[in-house]
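Database features (TrEMBL):
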DOMAIN    23-288  domain 'NADH:quinone oxidoreductase/Mrp antiporter transmembrane'
TRANSMEM  59-79  transmembrane segment
TRANSMEM  91-115  transmembrane segment
TRANSMEM  152-171  transmembrane segment
TRANSMEM  178-196  transmembrane segment
TRANSMEM  202-219  transmembrane segment
TRANSMEM  240-261  transmembrane segment
TRANSMEM  281-304  transmembrane segment
DOMAIN    290-343  domain 'NADH dehydrogenase subunit 2 C-terminal'
TRANSMEM  325-343  transmembrane segment
């Protein structure tokens, strides 16, 4: 892709995100989401592969539907209450339609079917944008309207997301699909707490974005897209593979790594809100995710390729690993000890 075109699309992405997260009016928030959608489409389809074109088409249709629902929700609320302010969403039907629209934007169950397919068709770096940057504006809208939304509905969607995200990722061999189902499961954790402590949702999102960015950048550096490719990468970059191993365990939420921090705080808050059964169920469902993270980690560092035919070992590359990966993997594994400082900052 032409560097000037790529620069324009990247600036448009940042602009759309900035407009949505800083707006008080529904029309401005909708316009920011539309700019975001139109800016990411060329980045998804830039390889001109049929799979990429299919992914871009699916993404466009789903996001257009979600934007329409969001606009319809805000117009219904304005019709009944005269308010266009995002925080003044009070009409119950508007709240229900908005929940559906944002769930569709994020890929929450039962609107999750598009996300694994789109991530599988997109390049790794575009996949990183889809899993992190593109989820920030809808999460912000969730944050601003959290006091109006139905906690029971959100809890049900969250538990279903954690269950399906873990269960459907078990049998995958494509790394991008595994990370897509991982994203759906993490969204379940963010959604279950948003009615009770919205700041905790944002903290979870920031830490998830940090760990996902470290994972995607490491995978992009070693050019791994399938589990079978991942099995041979230890010969090329052993130190990076070791850090990827720890980052994956952090994504799984194992103590004493960074990924344990949001899970710990969410379980604590749910227990305070007399929702111990929900906390127990979502904790048990995270074990499904732990299985496929462990499988990824096992393939990354511990296994040899499972066949006896001779194959060429990959040479060590002289290209230095980018400093960004080093910083992100360090943050993805070592933030837990300073958690008393991080939570008040959020």
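Yeah, the Cβs are placed from backbone N, Cα and C, and that goes for glycine too.
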Spatial neighbours of the transmembrane segment (202-219) far in sequence, C-beta under 8 Å, 6+ residues away: 124-125, 127-128, 131-132, 135-136, 139, 143, 175, 179, 183, 186, 189-190, 193, 225, 240, 243-244, 247-248, 250-251, 258-259, 261-262, 265-266, 322, 324-325, 328-329, 331-332, 335, 342-343, 346
Average model confidence [pLDDT] within the domain 'NADH dehydrogenase subunit 2 C-terminal' (290-343): 75
Recorded stretch, among 152-171, 281-304, 325-343, maximising Cβ pairs under 8 Å relative to the transmembrane segment (240-261): 325-343
Beyond the flanks of the transmembrane segment (325-343) by 6 or more, those residues with Cβ under 8 Å of it: 203, 207, 210-211, 213-214, 217-218, 221, 240, 243-244, 246-247, 250-251, 255-261, 265
Contact between the transmembrane segment (91-115) and the transmembrane segment (281-304) (at least 3 Cβ pairs under 8 Å, separation 6+): no
